[in-house]
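Dumping the structure here so I can ask a few things about it.
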């Protein structure tokens with residue numbers, strides 16, 4: 001371990017700077033000075049949450065045009081806004097790598113910080129593993145060889161490896177790549193909307209759906225939930241952001257506006273321009289809609305945009321996982337080696353390697369129950385986040401909050417209670433298999449926390465020396 005440390009730069013941890021005992025500073029490097037600016041952070045948050053309208057089509061198939069439109073108008077206010085406001089306040093108040101891990105740690109102690117970190121990391125790497133497979137599902141529409149067999153497996157391996165290397169080259173590069181991917185992947189929907197305008201019949205927007213087609217409310221709400229969550233994921237990058245106290249609230253607001261428009265405008269255009277055949281509205285239907293509205297060239301453009309969107313989703317999710325591990329190492333939940341940074345790019349290469357290897361292993365499994373398990377663990381984590389937010393308001397009222405949700409405690413409780421009810425609903429409709437998988441992962445997370453405590457007490461690994469109080473509490 002000593003020899004490995006000699007090869008890596010020891011980064012002065014932004015997370016540890018929140019605590020009494022800072023990590024010894026290293027000599028500054030050129031890479032270390034490259035902080036994430038507002039625009040790339042906006043697009044990283046956008047890809048964490050959305051990535052574009054790809055995948056929202058099934059909401060129309062599940063509940064009909066009117067409810068789909070109303071869902072993507074109302075659900076952001078019920079779910080996304082409270083989550084984004086909580087993230088904006090806490091990321092600005094505790095701007096260190098690790099994000100929500102810091103919040104739960106400061107609110108309820110190290111056990112809960114570690115447990116939340118484990119839940120979120122497992123959610124992150126399972127999501128990460130699903131993106132290469134999703135990319136192949138889009139590519140096989142154009143190149144059939146990627147449908148199955150060895151070519152598909154090799155392509156998933158190369159996709160994961162190449163994009164992980166891009167993450168290794170630096171968060172600024174990833175951020176500006178996300179800007180380019182966002183612009184290019186959204187451009188076909190701008191064209192679709194322009195071509196659709198002359199064909200729009202507003203009466204189609206108020207259709208309750210075709211007669212005889214049953215509504216699938218569980219699928220409908222799962223689609224809304226899946227497409228409008230993970231606002232907190234980019235909080236794990238706070239230590240890498242330029243002036244995070246000011247940048248995060250602006251970035252969250254901008255990304256929220258972009259995501260909502262990216263969902264709503266193409267949905268209104270496609271529904272209004274095409275006579276309803278509800279059974280056609282499944283994942284990938286926007287490509288068919290593009291062909292009906294403008295021609296086959298737009299269908300191909302949308303399919304290419306879908307692939308590029310998946311690339312952005314992968315890069316944003318990997319960044320979140322990697323810097324969460326770095327933050328957990330700063331907080332001594334993980335050995336110091338998990339926070340080692342590259343001497344060339346100043347990126348946490350151990351975190352990238354671990355996240356990539358786990359994602360590769362999971363990417364060849366069946367995702368049917370795994371994705372539902374992700375939703376279950378994510379719901380548990382968000383309940384703990386909302387509780388941490390409320391308790392930190394009470395426990396640490398004097399902590400400087402550059403952005404503060406403008407409500408008293410009763411209003412904050414109501415703001416958090418409404419999305420919490422939805423989280424409980426998501427958990428109650430889970431299958432028995434999901435309950436078992438979630439229980440197994442939670443037990444593993446608890447075991448990991450106590451195993452790390454033993455490792456610290458026995459000095460089996462080196463850990464950062466972390467104090468117990470925030471500087472603000474002094």
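Every residue, even glycine, has its Cβ placed from backbone N, Cα and C.
TrEMBL does not curate its annotations; it predicts them automatically.
Quick caveat, the model's predicted, so the values are computed rather than measured.
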So which range, 141-167, 222-248, gets flagged transmembrane segment in TrEMBL?
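Matching range for transmembrane segment: 141-167.
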Among 433-451, 452-470, where does TrEMBL put the label transmembrane segment?
433-451
Residues sitting near the transmembrane segment (376-393): Cβ under 8 Å, six or more positions beyond its termini, same chain?
82-83, 86, 89-90, 93, 100, 103-104, 106-108, 112, 115-116, 119-120, 122-123, 229-230, 232, 399, 409, 412-413, 416, 419-420, 423-424, 426-427, 430, 434-435, 438, 441-442
Quick test of the contact rule: Cβ under 8 Å, at least six residues beyond the ends. What residues does that give for the transmembrane segment (59-79)?
204-210, 213, 215-217, 219-220, 223-225, 228-229, 256, 259-260, 263-264, 267-268, 271, 276, 278-282, 418-419, 422
Could you give the residue numbers and ranges of same-chain residues that sit at least 6 residues beyond the transmembrane segment (405-427) on either side and whose C-beta is under 8 angstroms from one of its C-beta atoms?
78-79, 82-83, 85-86, 88-89, 221-222, 225, 375-376, 379-380, 382-383, 386, 389-390, 393-394
If you count Cβ pairs under 8 Å, which stretch among 111-129, 251-274, 300-323, 343-364 touches the transmembrane segment (433-451) the most?
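Checked against 111-129, 251-274, 300-323, 343-364; highest Cβ contact count belongs to 111-129.
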Please work out which recorded stretch in 251-274, 300-323, 343-364 has the most C-beta pairs separated by under 8 angstroms from the transmembrane segment (111-129)?
343-364
The transmembrane segment (343-364): which same-chain residues, six or more beyond its ends, come within Cβ distance under 8 Å?
7-9, 11, 29, 31-32, 34, 124-126, 128-130, 132-133, 153, 156-157, 160-161, 164, 167-171, 318, 321-326, 337, 370
